[in-house]
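Below is one structure, written out as structure tokens, with a few remarks after it.
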Amino acid sequence: MDVLEMLRASASGSYNTIFSEAWCQYVSKQITATMYMYCALGMMGVLFLAWFMYFKRMARLRLRDEIARSISAVTNSSGDLRGLRFRKRDKMLFYGRRMLRKMKNVSGQMYSSGKGYKRRAVMRFARRILQLRRDNMPLEMRTVEPPAEYLEETIEGSDRVPPDALYMLQSIRIFGHFEKPVFLRLCKHTQLLELMAGDYLFKITDPDDSVYIVQSGMINVYISNADGSTLSLKTVRKGESVTSLLSFIDVLSGNPSYYKTVTAKAIEKSVVIRLPMQAFEEVFQDNPDVMIRVIQVIMIRLQRVLFTALRNYLGLNAELVQNHMRYKSVSTMSGPINSQTSQSSRQTPNGPPMGISHPLNLMQSTASGTGSGSGSGVSVTVTRPPPSPSRHSREEHTLSDPNPNPDGSVHGTSNLFTEVHGDAPNADLFHQQQQSVGNLSTRRSSITQMTPDGSHSCPPAPGVTTSIDMRLVQSSAVESLRKELGLSEEDAHIIEPFVELRELEPNVTLITEGNADDVCVWFVMTGTLAVYQSNQDATRAKQDKSDMLIHFVHPGEIVGGLAMLTGEASAYTIRSRSNSRIAFIRRAAIYQIMRQRPRIVLDLGNGVVRRLSPLVRQCDYALDWIFLESGRAVYRQDESSDSTYIVLSGRMRSVITHPGGKKEIVGEYGKGDLVGIVEMITETSRTTTVMAVRDSELAKLPEGLFNAIKLRYPIVVTKLISFLSHRFLGSMQTRSGSGAPGAPVEANPVTHKYSTVALVPITDEVPLTPFTYELYHSLCAIGPVLRLTSDVVRKQLGPNIFEAANEYRLTSWLAQQEDRNIITLYQCDSSLSAWTQRCMRQADVILIVGLGDRSHLVGKFEREIDRLAMRTQKELVLLYPEATNAKPANTLSWLNARPWVTKHHHVLCVKRIFTRKSQYRINDLYSRVLLSEPNMHSDFSRLARWLTGNSIGLVLGGGGARGAAHIGMLKAIQEAGIPVDMVGGVSIGALMGALWCSERNITTVTQKAREWSKKMTKWFLQLLDLTYPITSMFSGREFNKTIHDTFGDVSIEDLWIPYFTLTTDITASCHRIHTNGSLWRYVRSSMSLSGYMPPLCDPKDGHLLLDGGYVNNLPGHLWRYCRASMSIAGVFPPFCDYRDGHLLLDGCYTNNVPADVMHNLGAAHIIAIDVGSQDDTDLTNYGDDLSGWWLLYKKWNPFTSPVKVPDLPDIQSRLAYVSCVRQLEEVKNSDYCEYIRPPIDKYKTLAFGSFDEIRDVGYVFGKNYFENMAKAGRLGRFNQWFNKEPPKRVNHASLNEYTFIDLAQIVCRLPETYAVNTADLFSEDEDCDGYISEPTTLNTDRRRIQVPRAGNSLSFSETEMDSDVELDLKLERKTDKSTQSSPPTSSRTSMRGKEEARHMDNWHWGAKHKNETGSGATEGIHTSTEQEQEHQQQQQQDQGVRAEQLVYKDEDKENRSSANNETKN
């Protein structure tokens, strides 16, 4: 609130009547009346006390006399009884009665009588009186410190495993998972090497054919430069290894590898374990599946680290690939291809293959003896010079640029011959060759021409290629691809059916970056292909239109092997540079060839390795791969920083230990983040301890590698400076907003963006499956999302996937799904099964789902979850039925019983979630629900935005009666379709924000705000609240009552929407952020304007709290913190916090618009509304001194010009708001906040009677403001998920289409992944042909998040079968339709075998049955009608056989709707 106006009015004398007459008369009367009453009461109290003490004394004396008489009587009679004794028969009777008497006394204590009953009653009464005040206090939230395991790393202990075996096991893990027998066979080939200090482990020209593991000591790896100098690459310590993944592929391919620039020397006496790479060769001969997986793991690591991390963080693009021009030999004769020249290209895989001649016979016939003995023709050899010595040859290439740059690449076939002869070749040459071939047998060929618009046609090839027999071109392509794949001449028939040809015009895109559907192996016959990557350094305006040129692919070269081996999406965009002819083999065909010849993976891998630059090999030697289990530390505080780490998978937590031993979370890191780079570059010790929150994989980049790269490529320094600058600015913003004691521990906004979420039910009554569907439905509006259950994984990967032997397949598959989706939902089982434990290991955050109206007790299963995932962040989700209109209550009991919960969410659920139906009925219901557009204002959408880091925050500033404009702005925000996920407020903004979070209905909020404003206009009640102005003018009793009546005894934890208020803590001289506790008290504290009300005393620690606007004017029981936020200093007394006793004042003194606090709490987009008063800055310059008499003269003289000089109250107010003004300027200049100020300056701070008028001003201004934002296109970041248009059909890919490619399973014919047990046929998420994933386009482009999700065809795990009785009834009704719509299976039988055909028949039968039973749900299931089967068979005939395709893609909306209409008819 603003105190300036009231102080000015009081100084001018407008309030003299109030303070001099009414106040003095009232006080004098009250003092006179109460003086006599207090005297009388005092006298009566003294008399009563004297009477009580007298009678108590007399009673004590009478009791003492009576005891003395009793003792004397006993002593006088003892002498007569001394000689008597019991008879034997009386002795037993006496002791028996005595024992029974004792038993009676014991049993009597069970009733409300007996000995000691009165004493116990008095004690209970006293205890009740002593605890009377404590019982009246609200329930407090326990401030329980997180468990030690949450902030401490696990101490390593490996006593059960010998050190040498442990080190070797960790070192060879980089090649993937090895079973125990395979590992023991590798151990037999190990050798121990003992080195003294200064001895070489290996030198230049030594064979690079071993893996070295340091068992003890220390080894230094050096790199030799061209000038003869050496540079330390890394230091290998105990347990670490020295190896090269690229050399591993060279050795297995039969190409000897030698150290060219790398040497290793012992720093001290060391013992090294040597494992020859030939040992793997022996193992691979007996276990080809192990070889396939090792090659796949190596290729995946190369792609994720070398082609992703080095590109993103160091700006290396073209430097990673050799862009040299290879010597080509193009023969125009039909003759055998020179095998010697082909083999010579593999003699030096490590260096640039200069002088390599690779023949390309376009005229060779594949028929044995046909054309091989034809006359000698003209052999044309094209030799190109090596590239220029420039190390930074980069090129920007726009997608719309049709003209390639003149860089020496081949431009069409005509240019190829013009380079040699000077003009185009004679067409008679090709005509003669065509006549010498004769009649050749007809072969299968697929020759198409692709135009830039994506259409396919068959025009004649450009230039001289029109006279070439396509059969000869086909045979030449087969022969060239056979040699590239390392197959013998006898194996030519294996690849011949799968080789396809294509004619390309310039600038035709073969595949785009991130595309996983069109992966092929392309072989260039003529022309040139260009390989691009998206430009990371380009601005946002150019990033979507420009790509970075990486290298060219010339005739005789192959491309596409990396994506083929990894099974992932393509890392490059490939386009034709000129008129070109290519031969290609599709992914499914390659996998079929691998089944017959598994060793082609080595040739594909060797082709990828040959293309890499020497820089990549040096990086390969320097990189270390680290696998950490949950709790293991990457590095510890105060250790030396000699390396940085790239998070490949998992989640890391950074913890700082203060000098007193207290630990605090600094931040968390997810996939792709760079950890520890600041300390490494600044050469300082580690400032924090970084540990693994869950099972994680990291790549370690040593400092020597960075130095070597910086010396060779100075552009890396610029990239690092840009990266460090952004990180430094982010840390500074975080510190500025989280420096207060009340700030939350998790101040890093990145912490709230998760990629994996585990859903755990508290009890069996929780509808977890409907809850997961609803959350999935809301997440689909943001981006690609995937829902996984135990049945889904079993159907996709096999029933035994959770066994230890399948660990690699499961982890790799899950990792790939996480890469392709922005978030993955892991739905746990209701028991502690293997799948539930896997979910705990994979989760970044665990959502504990419970029913808000049930008991808050912690179950045994929930405690086990906390034990398994102690370091994983856990959040509580409480569900409430919408029909009962229930509000959250007793949330503190839930949180106090679960100290491991860091955050909670209240979710209002529709009726369908709590309907008890069969699993099939639930899935059938959501098959229709998921076709609709999700409600962006629902609690599920709010939770979805929180999990993905897209929360929208609303900050309401302080300004007294002008805060009525907040109500109008809230209505305008709601009409604009902007959801509100978090609310923060100061002063009057704290009151309005708390009303919105509690009611979420604009009508109810308006009514309650109007009633409170009317109470503030009743001045007679305020006059009764006046007091002696020592601390403040008012006592605050009536003001507290108005706020308490508005909110009641509601806690901040019980609000629907996350809420915080900000107050000024005058005890600790800082601002405090209140996210829990009494609502009305902290709202009152935030409104405690200095001078009007006393500060509120914080009940937590006793600190005095004032209006938070003094430090930040835009930011328990609910009313308390609202009251604290409105404690205007001087008007209302400071509010005392009931927790710690701190005095709280109005938050406007520190931060009147706390948008920075909202940003630190996790809001990505913020709307800040400021209604505070603005100071007049146009003041009079009065010189060096100022006379008060002169100001008085100027004020009273009407004939002089007025002067603007601040008075004493104005100066004090401006001093109080200095911090607030600085904070407000930072908010206005921030890019995450939309600052809005309605035109309400003409209304005074205390004009509460103009509530409706101020509200209408705010509404009209807000409506026009958001309409203008929508027209300008700036409203998208707030309602980018809001779509007013009717839903449209969008084709989505299924999980089976883009699934994990396990090459070992494909090649070695392991058990089929879709095989399921009969016991699982009617389980959750069941379908006869394996799981079809949730609707998601697996394109991870960021632009996807800006496109509103339209209703579309969805496929997910809802296609469970009905019971047997239901199936029989439905089959009897629709037997004819089932017979007519059954698709033929002959084509699938020839393609996939009898077993797969039977499996596909069952799947199509289930899909057909689904179409019959639910007409509305047919659009959401991947079915196959007769039209679709014909269309798919036609595509297979045109494009070749796809062996591994398990399901078929959806057709467009028209085909689908027409097919459904036919099914209905």
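Note: Cβ is positioned from N, Cα and C throughout, glycine not excepted.
As the structure is a computational prediction, the values presented were derived from the model and not from experiment.
The annotation active site, proton acceptor is assigned in Swiss-Prot to Asp1107 on the grounds of sequence analysis.
Mapped onto three states, the DSSP output places Ser580 (nucleoside 3',5'-cyclic phosphate 2 binding site) in strand. Ser580 (nucleoside 3',5'-cyclic phosphate 2 binding site) is surrounded by 27 other CB atoms, counting those within 10 A of its CB over all protein chains shown. Here Swiss-Prot flags 484-611 as nucleoside 3',5'-cyclic phosphate 2 binding site, drawing on sequence analysis.
Look at Swiss-Prot and you will find 331-349 (among others) tagged as compositional bias 'Polar residues'.
Taken from Swiss-Prot, the feature compositional bias 'Polar residues' applies to 434-454 (among others).
The compositional bias 'Low complexity' annotation in Swiss-Prot covers 1378-1390.
Annotation comment: Swiss-Prot describes 1392-1402 (among others) as compositional bias 'Basic and acidic residues'.
Look at Swiss-Prot and you will find 1413-1424 (among others) tagged as compositional bias 'Polar residues'.
Here Swiss-Prot flags 1447-1456 (among others) as compositional bias 'Basic and acidic residues'.
Under the heading topological domain 'Cytoplasmic', Swiss-Prot lists 56-1465.
The feature transmembrane segment is assigned by Swiss-Prot to 35-55.
Most other Cβ atoms within 10 A: among the binding-site residues Ala516, Met548, Met564, that distinction falls to Met564. Across the topological domain 'Cytoplasmic' (56-1465), the prediction's mean pLDDT works out to 70.
Residues within less than 8 Å, Cβ to Cβ, of Gln596 (nucleoside 3',5'-cyclic phosphate 2 binding site) and separated from it by at least 6 positions along the same chain comprise Asp491, Ile494. According to DSSP, Ala516 (nucleoside 3',5'-cyclic phosphate 2 binding site) sits in a coil region rather than a helix or strand.
Met548 (nucleoside 3',5'-cyclic phosphate 2 binding site) carries a strand DSSP state (E or B).
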